[in-house]
Amino acid sequence: MGLVFSFAKGVAAGVGFCFCSAIGSLFSSCLGNDKPSTIPPSATSGRRRSVFLLIVSIGLAFAFQYGIAPALQPGGSTAADLPVSGDYLTDAWTSGCNDFGTDELREKCSGNSGVYRVAGSTTFFFLLAALSAYCKPSANREAWPAKYFLFLCLVAGTIFIPNDPLFDPIYMQLARVGGVIFVFFQQLILIDLAYNWNESWVEKADKAELEEGVDQGKKWLAAILVSCAIFYIGSIVVISLMYVYFSGCASNEAFISVTLAMSVIVTAVQLSGEESSLLTSAIIVAYSTYLCYTAVSRNPNDECNPQLGDEDILGIVLGIGLCLLSLTWTGWSFTAHSKLEGTSNPLSEDSEGEDPGKERGETIVKGVVSNQPDYGTNGGDVEDAKSSPEQTGISPNEGFSSSWKLNVILALVSCWYAMALTGWGAIETGGNAANPDVGKASMWMIIASQWLVLTLYLWTLVAPRLFPDRDFS
């Protein structure tokens, strides 16, 4: 026993030393002088490491929800084996969950609170990072080993905090608000990306015609048509399959029918005018079809949801993988800096300045899909794009001006994934690791986001016709 306590003391001393060192490193980076953007680490390193921390937090949320929470249920062998703290941890993780009538609901309540622990820590971390980046623009790229360690310490510390009231209901309600805000902006970003995708390929076709000769741009136009065909055919197939497998209750049939009707309407309106393109409509239709499938698969009514209660190992593994992939991709793609700035050529963590003497057509254009610089015919070369702040006359800190916005967005993403993994805080039966957010709350939130994106896209089509004297570009 003495050996165990000696080992525990050594571990505690080591962790304490690392904690104090991390705190000192963090204070040093926050209170020190700003480094020019030309001094390593690069400006983009902060964004990459922020998104990596988001990915780590998603993995930890799954571990807390499906690993730690079930192990700390009353009567569990894991809780009984823990010396001294076993009973306390059980009480902390079941706090606020004892009012539910069944063990399944109590375990789900405890699992949801596990997600709130990690997501709440992540939200708190990114809000603090946003505040520090607002006060010191280059803070987002500094002291990341210390930030990672302190974040893990914060998450570990939440294990000992009772669920009620900090995580449920306080953080749960805050996460609902943040998740709704993120969903709204996510739809705006998707519509913008759909427009930019088509414009990018049309520009590439025009560029090929000018540089490579007549008819050389047809390959890009053919790619647009092929993409349209894939998106529309895929949407028709999926809608047909949903009518076959997910019908049987009024809500699912209504969702599928509205999706089909709105897809036809937005396509017809787009074809009747010049405000948009067929590829943009195809992307919106495909995305709306995906949202419809996601919504009907979240329906807790087993009469019209054949996927309800599927517990096979392969389904669980694939479900977790797809959920992690979708969460990670959404979080990463939404942090595209050009969308944060609201311009096509911002000063960002991705660019360290540009020649103020260049015309608009000569600026760097961000790639639509990869978000990488695309140097066009008038775009200069890489050396122009990497001009130092001294050459361009731009302050070294201007390249980091959006760091705080990036962290605010990631804080909203953490709120959203907390809701995605817990069915928007609703405690209902039917969900598992393969489909963790089965429930009416999740179903209605997803279908509402579909109606939102279709309505917003339809507005972009009809607004220029209703108000021709206004600029909607």
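Note: Cβ is positioned from N, Cα and C throughout, glycine not excepted.
No curator has checked TrEMBL annotations; they are predicted automatically.
Because the structure is a prediction, the values reported are computed rather than measured.
Database features, via TrEMBL:
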{"type": "TRANSMEM", "residues": "12-31", "note": "transmembrane segment"}
{"type": "TRANSMEM", "residues": "51-68", "note": "transmembrane segment"}
{"type": "TRANSMEM", "residues": "114-134", "note": "transmembrane segment"}
{"type": "TRANSMEM", "residues": "146-162", "note": "transmembrane segment"}
{"type": "TRANSMEM", "residues": "174-195", "note": "transmembrane segment"}
{"type": "TRANSMEM", "residues": "220-246", "note": "transmembrane segment"}
{"type": "TRANSMEM", "residues": "252-271", "note": "transmembrane segment"}
{"type": "TRANSMEM", "residues": "278-296", "note": "transmembrane segment"}
{"type": "TRANSMEM", "residues": "316-334", "note": "transmembrane segment"}
{"type": "REGION", "residues": "369-396", "note": "region 'Disordered'"}
{"type": "TRANSMEM", "residues": "406-427", "note": "transmembrane segment"}
{"type": "TRANSMEM", "residues": "447-467", "note": "transmembrane segment"}
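When Cβ distances are compared across the two stretches, the transmembrane segment (174-195) makes contact with the transmembrane segment (114-134), since 3 or more pairs at least 6 residues apart fall below 8 angstroms.
Counting only same-chain residues 6+ beyond the ends of the transmembrane segment (114-134), those with a CB under 8 A from a CB of the stretch are 30, 50, 53-54, 57, 60-61, 64-65, 68-69, 93, 140, 147, 151, 154-155, 158-159, 161, 163, 166-168, 171-172, 174-175, 178, 400, 403-408, 410-411, 414-415, 417-418, 421-422. Beyond its flanks by at least six residues, the transmembrane segment (406-427) meets 46-47, 50-51, 54, 57-58, 61-62, 65, 100, 105, 108-109, 111-112, 115-116, 119-120, 122-123, 126-127, 129-130, 133, 140, 168, 171-179, 181-183, 185, 298, 323, 327, 330-331, 334-335, 337, 340, 349, 436-442, 445 of its own chain at Cβ-Cβ distances under 8 Å. Under 8 Å from some Cβ of the transmembrane segment (278-296) lie the Cβ atoms of residues 190-191, 194-195, 197-198, 201, 224, 227-228, 231-232, 234-235, 238-239, 242, 246, 252, 255-256, 259, 262-263, 266-267, 270-271, 304-305, 443-444, 446-447, 449-450, 453-454, 457, all in the same chain and six or more residues away from its ends.
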